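Asker: Following this message is one structure expressed as structure tokens.
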Amino acid sequence: MVIASATEWVFNDAVQFQLSILLYDYFLTIDLEVTQVWNQRLTTTSILFLMNRYIFPLYVLLGTVVISIPLNDKACNTLGHVSGILYVSNSATILLIFTVRTWAIFMKSWKVLTTVGLVAVAKLAMNIASFTNVTSYSANLYPPICYHDNTNLYFPASAYLAISFDSVVFWLTFYRTIRSTIEMKRIGVARSLTYYILRDGIGRLSITILYLATFQPPALLMISEVLYNIISNVMINRLMLNLRLVSASHMRGGISWKTISEPSYATNSFIGNLGAPMMDHSAETDTLDVGEAQSLTNVDE
């Protein structure tokens, strides 16, 4: 009973923490969103950004309602299924964004797209299977919470597919960007967001694998999921906004027009800035590619 109450308390605080961070980041970046998304032509990238930007907060908001207001079984059943739909939709958006971005930085390699895409499709299919496995939700008046009795038969496979997708995307990105990160540090360029992604990504994967291997308590899982979900959501929003800002700056002859050529990726009508490629290195030179430096250094906050 004590363990259950403690877990419930951690869950409540975790949901409130997510909502607070989302609201804080929203107010920090709303001006950039208006100028770079709402005032620009609507593209597939814009739609993906808006889905990632607003579906996840709705999902978190529903979680806040569920733990704050006593509900009956009918209301719980409705909110539970809506929450599941939002979760699957947000998951599909994130998987698509990371798949396309990884494909782009490998110069649109179809081998990379196939590898990452297959893992993403498998993960999404498992998420959908987990969602459809839940047939109904019931209400608990105190503490207020909605729950379901269905055993998630797909959880182990879903968890391992999640870590597999994260690992594939991270190590491919690590392989593609580590050289530029080292070179940028050597010539004294300020640390970019990529540096912190590479540094913290290794720690994140290590902690996740350790959790899966040692079967830690549910409260630790909740804290871990909250941190990973909120960091991923905010990072994707910042990445996409800054890529659009960089593109707009170059189109106006902005920040680095003397050293960096016109970004051809900005004219792609389907994936837009999300598909910004990193120019490939030749085998004969150790010179930092300026196109890659652009993709890395201009994603800073």
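The backbone N, Cα and C atoms fix where each Cβ goes, and this holds for glycine too.
Because TrEMBL annotations are produced automatically, they should be read as predictions rather than curated entries.
Copied straight from TrEMBL:
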DOMAIN    19-58  domain 'DUF6533'
TRANSMEM  54-72  transmembrane segment
TRANSMEM  78-100  transmembrane segment
TRANSMEM  112-133  transmembrane segment
TRANSMEM  153-175  transmembrane segment
TRANSMEM  219-241  transmembrane segment
Asker: Counting CB pairs under 8 Å, which listed stretch among 54-72, 78-100, 112-133 touches the transmembrane segment (153-175) the most?
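Answerer: Stretch with maximum Cβ contacts: 112-133.
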Asker: Pull the DSSP breakdown for the domain 'DUF6533' (19-58) and write it out as helix, strand, coil residue counts.
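Answerer: DSSP classes over the domain 'DUF6533' (19-58) add up to 35 helix, 0 strand, 5 coil.
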